[in-house]
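Enquirer: Shown below is the structure under consideration.
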Amino acid sequence: MILDLMFKRPMRWLRMLVEELHWSFFFGVIVVYGVSQGLGKGLSKVSTQYYFKDEQMIQPSEAQVYVGLIQVPWIIKPVWGLLTDVVPVLGYRRRPYFIFAGVLSMVSMMVLSLHKNLQLGLALSCLVAGSAGVAIADVTIDACVTQLSISHPTLAADMQSLCGMSSSIGSLVGFSLSGVLVHLFGSKGVYGLLGMTAGLIVVVGLILKESPSRSPGGKHVNEKFIDAGSAIWKTFQYGEVWRPCLFMLLSAAVSLHIHEGMFYWYTDSKDGPSFSKEAVGSIMSFGAIGSLVGILLYQNFLKNFPFRNVVFWALSLSVLSGFLDLILVLRINLKLGVPDYFFIVVDEFVSHMISRIKWLPLLVLSSKLCPAGMEGTFFALLMSIEHVGHLLSSWGGGVLLHALKVTRTQFDNLWLVIVIRSLLRVIPIGLVFLIPNVDPSSTILPADMFMNRRSEDVVETDKIEMTALLTNEA
């Protein structure tokens, strides 16, 4: 049974997706979700934490605020989505944006890697630019995923699981290697490796087979901007749309992030574990494993349940898991004879598994709220709402750490920060009524919202197909 669950069933599932969808769809998913976001996240998170701590010598509350600032390009994802949907470059809607995203990430990471004694402002600019490159690539591939979710509604949950699985596997590899690589090459050396992996996004843009758009001229583009705004406004008038958007914003905003405070405690506190770089990376790799397990649980057992039910129980478990950090900081685990490393690994695994189970139904729901013709823009808008919430939670966590005087060497009030953070997680449970009580196979928007695309816009450019470069040249 275990062999069937962990290997045979996933292989049958992947084979089914290949048969139902085009094999080239997987290439973009693997590069963007698996390499750029997954592997890149694993490498960049640990390297950035040590870069702020050891190179820039800043306080944990400042680091928490700067981490939120790096996510600003993800908040303006609707801008990237709108450009990919209605503004072709040299007649192409997808290829130029992949290429631009890859080049932007490559250059910014190389500057961080090669420049000595980079000022904090310039370093933040490079980190924001690198984040923007990943965000643009994410929006472009999201447009493809959303289009397929509309044309294959019964596979919407499967495609989000595929994306999440690619990201989790990439994160697992990235986090597993991050501590060792930071130890061997330093945080700047890891940025150099990230610059090289960003080149794969350029490759996606170069081998993307896409027919030129039939809509030349600035006037038609202006009309499309107007149509886009009208479609977005019309869609948001539906309660089935604005209510879950409000839930995503509020639930993310009140779930304060205090990761930087915990990281400094892991590595600097005399009373804490004082983990090495390798240990920090390996701990985070178990978080990636937890995310992967969460995806498998959702895909095999939970994907057919109503969105509201899954989110409610995931939020309830999230409240309980938040207090695991309290047990650790108060050193209760040692009194019970549980080693720090083992306890933190379990904590990381459980929290990421629950977080993934909570997030997947919201992703599937978001893909079903997008009107035809504006898939990339509207999906990016929905995701940006979530990122606004995460930005507020990151900055709120930084303010809380600063207010309670948690610094590089002072952690007396860290336990109180954890208690406040965990209690705030109760609030979203009272907001789950905002989520539609329907299952993933249901159609949420009216039928006319899927038929509002102009006939001249229904062209082959919307059917993205990625082929090998050899085939393209032939």
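The backbone N, Cα and C atoms fix where each Cβ goes, and this holds for glycine too.
Per TrEMBL, transmembrane segment is recorded for 21-43, 63-83, 95-114, 120-141, 162-184, 190-208, 241-259, 279-298, 310-332, 378-401, 413-435.
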Enquirer: Counting only pairs 6 or more apart in sequence, are there at least 3 Cβ pairs under 8 Å between the transmembrane segment (310-332) and the transmembrane segment (95-114)?
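Expert: Between the transmembrane segment (95-114) and the transmembrane segment (310-332), which are separate recorded stretches, there is no contact, as judged by 3 or more close Cβ pairs.
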Enquirer: Who are the chain neighbours of the transmembrane segment (413-435) in space, where the CB to CB distance is under 8 Å and they lie at least 6 residues beyond its ends?
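Expert: Distal contacts: 243-244, 246-247, 250-251, 254-256, 258, 261-262, 265, 307-308, 311-312, 315-316, 318-319, 322-323, 325-326, 329-330, 362, 365, 397, 400-401, 404-406.
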Enquirer: Any contact between the transmembrane segment (21-43) and the transmembrane segment (162-184)? By contact I mean 3+ C-beta pairs closer than 8 Å, pairs at least 6 apart along the chain.
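Expert: Output yes: the transmembrane segment (21-43) sits against the transmembrane segment (162-184).
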Enquirer: If you count every Cβ pair below 8 Å, which range out of 63-83, 162-184, 190-208 shares the most with the transmembrane segment (95-114)?
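Expert: Between the candidates 63-83, 162-184, 190-208, the best contact partner of the transmembrane segment (95-114) is 190-208.
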Enquirer: Could you give the residue numbers and ranges of same-chain residues that sit at least 6 residues beyond the transmembrane segment (279-298) on either side and whose C-beta is under 8 angstroms from one of its C-beta atoms?
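Expert: The answer is 5-6, 10, 38, 42, 45-46, 49, 157, 161, 164-165, 167-169, 171-172, 174-180, 182, 263, 266-267, 273, 310, 341, 344-345, 348-357, 360-361.
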Enquirer: Please give the sequence-distant neighbours of the transmembrane segment (241-259): residues at least 6 beyond its ends with Cβ less than 8 Å from one of its Cβ atoms.
Expert: 64, 67-68, 235, 315, 318, 362, 365-366, 369, 382, 385-386, 388-390, 392-394, 396-397, 400-401, 417-418, 420-421, 424-425, 427-428, 431-432, 434-436, 444-445
